[in-house]
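Student: Okay, handing you the structure first.
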Amino acid sequence: MTQYFRALAFFLLLVPATAMACDDWPSWARGACQRVDQIWNEGGNDLYLTGYSWHNRAMYSSDKIRSFNELAWGGGLGKSIYDEDGDWQGLYAMAFLDSHSDIEPIAGYGFQKIGRIGADTRLGIGYTVFLTSRSDIMSRVPFPGILPLVSAGYRDATLYATYIPGGKGNGNVLFMFGRWEF
């Protein structure tokens, strides 16, 4: 449990770091720093709720599937904007129950190209870059990742899905979560 609190403290330290001035950053990183600063200072507030993960039945034995937790309950907070092109960009921090019912913290950045179907309905496709920590991977040492991200939204609510790739007996998980803009 101590390792969990260390990982959570690490993620919480990332949040205030986004508000720092970008002038001292190298020129190649300044644009990213300015965008993160914009999201943090101008973005709306988001509530994230997690709830479901599906393990690809073709990649695991029946016994292993039965041992997994597929109700990935959890939640978190974030900030996001729709940029000058109408694309969504956000920062988030969440914690949820992983496949082994252990708490998995995650914090990151998401980007999606948004297609509007109507005034209130939208579809998105993009990616998320994140840091996470798992008990079964590197003994809770935080590690980075990047995953695809698709969404369908209506007004202030958005449903997201990502697929965690893997090989036979690991990964291959569809993870779904929601976001409420408030």
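Counting begins at 1 with the first residue displayed.
Here the Cβ of each residue, glycine as well, is placed from N, Cα and C on the backbone.
Per Swiss-Prot, the feature signal peptide maps to 1-21. According to Swiss-Prot, the feature S-diacylglycerol cysteine maps to Cys22. What Swiss-Prot records for Cys22 is N-palmitoyl cysteine. Under the heading active site, Swiss-Prot lists His55, Asp98, Ser99, citing sequence analysis as support. Feature annotation from Swiss-Prot assigns site 'Role in lipopolysaccharide recognition' to Lys64.
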Student: Taking the Cβ of Lys64 (site 'Role in lipopolysaccharide recognition') as the reference point, list residues of the same chain whose Cβ is under 8 angstroms away and which are at least six residues distant in sequence.
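Tutor: The list for Lys64 (site 'Role in lipopolysaccharide recognition') reads Gly169, given in order along the sequence.
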Student: In Å, rounded, how far does the Cα of Cys22 (S-diacylglycerol cysteine) sit from the Cα of Ser99 (active site)?
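Tutor: Cys22 (S-diacylglycerol cysteine) and Ser99 (active site) have their Cα atoms 38 Å apart.
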Student: Hey, does DSSP put Lys64 (site 'Role in lipopolysaccharide recognition') in a helix, a strand, or just coil?
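Tutor: DSSP assigns Lys64 (site 'Role in lipopolysaccharide recognition') to helix.
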Student: Given Ser99 (active site) and His55 (active site), what distance in Å do their CA atoms have, once rounded to a whole number?
Tutor: 9
Student: According to DSSP, which kind of secondary structure is His55 (active site) found in, if we only use helix, strand and coil?
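Tutor: DSSP assigns His55 (active site) to strand.
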